[in-house]
Amino acid sequence: MKIHTGEKPFSCNICEYKCIRKSNLQSHMKIHTGEKPFSCHICEYKSITKSNLQTHMKIHTGEKRFSCHICKYQCIRKSDLQSHMKIHTGEKPFSCNICEYKCITKSDLQRHIKIHTGEKPFSCNICEYKCITKSDLQRHMKIHTGERPYSCNICEYKCITKSDLQRHMKIHTGEKPYSCNICGYKCIRKNSLQKHMKIHTGEKSFSCHICKYQFIHKSNLWYHMKIHTGEKPFSCSICEYKCIKKSDLQRHMTTHTGEKPFSCNICEYKFITKSDLQRHMKIHTGEKPFSCNICEYKCIEKSYLQKHMRIHTGEKPFSCNICEYKCIRKDVLQTHMKIHTGDKPFSCNICKYQSITKSNLQSHMKIHTGEKPFSCHICKYQCIRKSNLQSHMKIHTGEKPFSCNICKYKCITKSSLKTHMKTHT
């Protein structure tokens, strides 16, 4: 009857716990004393109650008495099945009184609340890592021990958690269960989709407190901060190269080994990184997912589009510290600086010609080979460079885009205008 009346005559003198039965109180007191009289004869597991030990033993026997009638889920405890069924019903009875978070179990809510309180009761005795749950700490400790108990039966991949292995297996199956409802993007992880959606919303929730730079991902901000601190924790064992990211070091090491493990199955091109190969494959497929909303420009990468947009905005963030030259891209500035240093690393093996860029040398070599790949479809004009053909076509169209601000002179090329301006001086 005490269940119906709500009466709980037995209470703990240490905490606020109350219960109906004396036996329940006796079991509860073992939490405070640390007493665990029931132990597993197979592993080191110990428990306060016999029933907990009996439940634990099912892990070793593989017995899963409770099964879901909707999906193939099976479990040891009835309470686990009850929690699981809420996934199908969509029921989330526990809600946070600070934010809109809702969940299936009380333990999930208790874990969530620690996000707001900042409480991290579990700490690593080797490093400074702290976390909310014991399971997170157990997972973290495997980093120090090097233990990776879960392994892929297809490749050599090994990992710390079962969930990591399940996620990895989707690489082999090609399964991408999460998809964007705006574009065709698909991915393996839910959090990858959540991060992707910020591209469409423009949300950049992580910002640098030193400069005004903002980021979609917290990890990007973390790497960015090292630019300000100058920290480069990864260094090459062969040369003096240092970098911020481990992936950058791995990429750098291939310059010493010459290794290019990723190869195109259509052409003979090989790459250092998987991302480089994925980018290259878009050349074969013709895929250009990023497009300009001002002109018809389309490209393979978002970074290319961002650089292109500077043409429309007029933004030139990279400037020379010697002259007034400004440009859109960092690599263009690096090329420009060679004008001041006199550095001409590319030289012709036939004549004494030297150039700042490889592309200029390639154009020059066509003088020796006699190759003129660009030809006019109106007359017989042929030339080495595409830019020369574009200038030539203005003869046929009558276009003269460069004009003198002193007289009425107009011309096809900027160089012709410069020559003309000397007549006024």
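Note: Cβ is positioned from N, Cα and C throughout, glycine not excepted.
Residues or ranges marked as domain 'C2H2-type' by TrEMBL: 10-37 (among others). Taking DSSP states H, G and I as helix and E and B as strand, the domain 'C2H2-type' (10-37) has 12 helix, 4 strand, 12 coil.
Away from its own ends, the domain 'C2H2-type' (38-65) comes close to residues 27, 30-31, 74-77 of its chain (Cβ-Cβ under 8 Å, at least six residues beyond either end). The domain 'C2H2-type' feature in TrEMBL is assigned to 38-65 (among others).
Per-class residue totals from DSSP over the domain 'C2H2-type' (66-93), listed helix then strand then coil: 12 helix, 4 strand, 12 coil. For 66-93 (among others), the entry in TrEMBL reads domain 'C2H2-type'.
Beyond its flanks by at least six residues, the domain 'C2H2-type' (94-121) meets 83, 86-87, 130-133 of its own chain at Cβ-Cβ distances under 8 Å. The feature domain 'C2H2-type' is assigned by TrEMBL to 94-121 (among others).
The domain 'C2H2-type' annotation in TrEMBL covers 150-177 (among others). Within its own chain, the domain 'C2H2-type' (150-177) is flanked in space by residues 139, 142-143, 186-189, which lie at least six positions past its ends and keep a Cβ under 8 Å from the stretch.
Taken from TrEMBL, the feature domain 'C2H2-type' covers 178-205 (among others). In terms of DSSP helix, strand and coil, the domain 'C2H2-type' (178-205) has 12 helix, 4 strand, 12 coil.
Through the fold, the domain 'C2H2-type' (206-233) approaches residues 195, 198-199, 242-245 of its own chain, all at least 6 residues removed from its boundaries and within a Cβ separation under 8 Å. For 206-233 (among others), the entry in TrEMBL reads domain 'C2H2-type'.
For the domain 'C2H2-type' (234-261), the model's average pLDDT works out to 85. Annotation comment: TrEMBL describes 234-261 (among others) as domain 'C2H2-type'.
For 262-289 (among others), the entry in TrEMBL reads domain 'C2H2-type'. Listed by sequence, the residues of this chain that lie at least six past the ends of the domain 'C2H2-type' (262-289) yet keep a Cβ under 8 A from its Cβ atoms are 183, 247, 251, 254, 298-301.
Look at TrEMBL and you will find 290-317 (among others) tagged as domain 'C2H2-type'.
As annotated by TrEMBL, domain 'C2H2-type' applies to 346-373 (among others). In the domain 'C2H2-type' (346-373), helix, strand and coil residues by DSSP number 12 helix, 4 strand, 12 coil.
Taking DSSP states H, G and I as helix and E and B as strand, the domain 'C2H2-type' (374-401) has 12 helix, 4 strand, 12 coil. Under the heading domain 'C2H2-type', TrEMBL lists 374-401 (among others).
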Q. By Cβ distance under 8 Å, which residues at least 6 away from the ends of the domain 'C2H2-type' (178-205) in the same chain are close to it?
A. 167, 170-171, 214-217, 289, 302
**Q.** Beyond the flanks of the domain 'C2H2-type' (66-93) by at least 6 residues, Cβ under 8 Å
**A.** 55, 58-59, 102-105
